[in-house]
Structure formats: C-alpha cells, structure tokens
Amino acid sequence: MAKKLTRGHQKVPIVEMEKNNNLHVTFSKRRNGLFMKANELCTLTGAEVALLVFSPGKRAYSFGHSSFESVIDKFVGNKPSPSVHGGTNQHVANHHGDNIDELNNKIIDLKTQLKANKKREEVLGQMIKEGQHKNWWQAPIGEMNLEQLLMMKKALEELKKKVQDELKCQI
C-alpha cells in the first residue's frame, strides 16, 4: 500500500495568523465558504440574509439575498428601495426571487455534478495507480465523461498515425 502524500483533513487552530499572505488567502477562502453557506441557507429555507465582511486590507464584501440593500432596509425599518422602474412592484420582486431560486438550484445541481466528476477522476486515477488497467486504452469507457472520451479519441488517432507511419517505413 502506498504512503499518504498529504496530511489529510486536520483541525486548524483558531489563532491570528502571522504571515500576511496566508492571512489574505485564508480570508478569501473562508469568505467564499461563508457566502456559499449563506446562499444555501437562503435557497433551502427562503430566509433573507445579508452579510457584510471587512477584509484585513479594510475592503468591504457583501452578500444579500434577495439583495443586501433590501434586507438591510427591512432590518432598519425603512421603506423598501424603489425598483428600477421608479416604484415598488411586488410582482416584479416575486419574479426576481423565483429567478434567483432557480439559479441557486442550478448552482446546487452543478456542485453535485462537480463532486461526482471529481470522485470519478479519483477512482480512475487510483485504478491506474494500482495497475488495474496497465494500458490506458483498457480504461472503462462507460465511466468516462465527454472530455475524457475526446482525449482518448485523440490519443487513439495519434497512435493510429504512428502505426501507419511505422508500417510505411518498414514496407
């Protein structure tokens, strides 16, 4: 059995980071993760969420569903901000919310597909490492996605050309 190349998932201690570069990278990743979780909360429960985050570099980042301003206005108790057409139109706002929900559902579906493709890639990579398919052309075609099939087609065409060239040289 091969040794692990990585240390795996380990708990990160919650202390302030010393290296400025690491601080910015970690902030960026965690901010994106926080925004994704807020988006999932909105999609799954219909909650209205507003997040305001300031980076170590003092830049402001915001997330709001349906919009940051509308959630803050609702929290503060102000009137809703006027729409693009000059007045509040509940029908337009509802349609906009439905469209956002549809897009959020598509995002969730795409994330699921991405996870499945990454898992398939890991399985195929492991199979190759373990020597189950010593020759790349014996890989299970039924488990390949379109991109992998196109790459295999190109490789087979190149192999065919090399064989034809070698035959011409020997004849």
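Cβ coordinates are placed from backbone N, Cα and C, and glycine is handled just like the others.
Since this is a predicted model, take the numbers as computed values, not measurements.
The coiled coil feature in TrEMBL is assigned to 93-120. Averaged across the coiled coil (93-120), pLDDT in this predicted model comes to 79.
The feature domain 'MADS-box' is assigned by TrEMBL to 7-67.
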Can you count helix, strand and coil residues in the domain 'MADS-box' (7-67) using DSSP?
26 helix, 12 strand, 23 coil
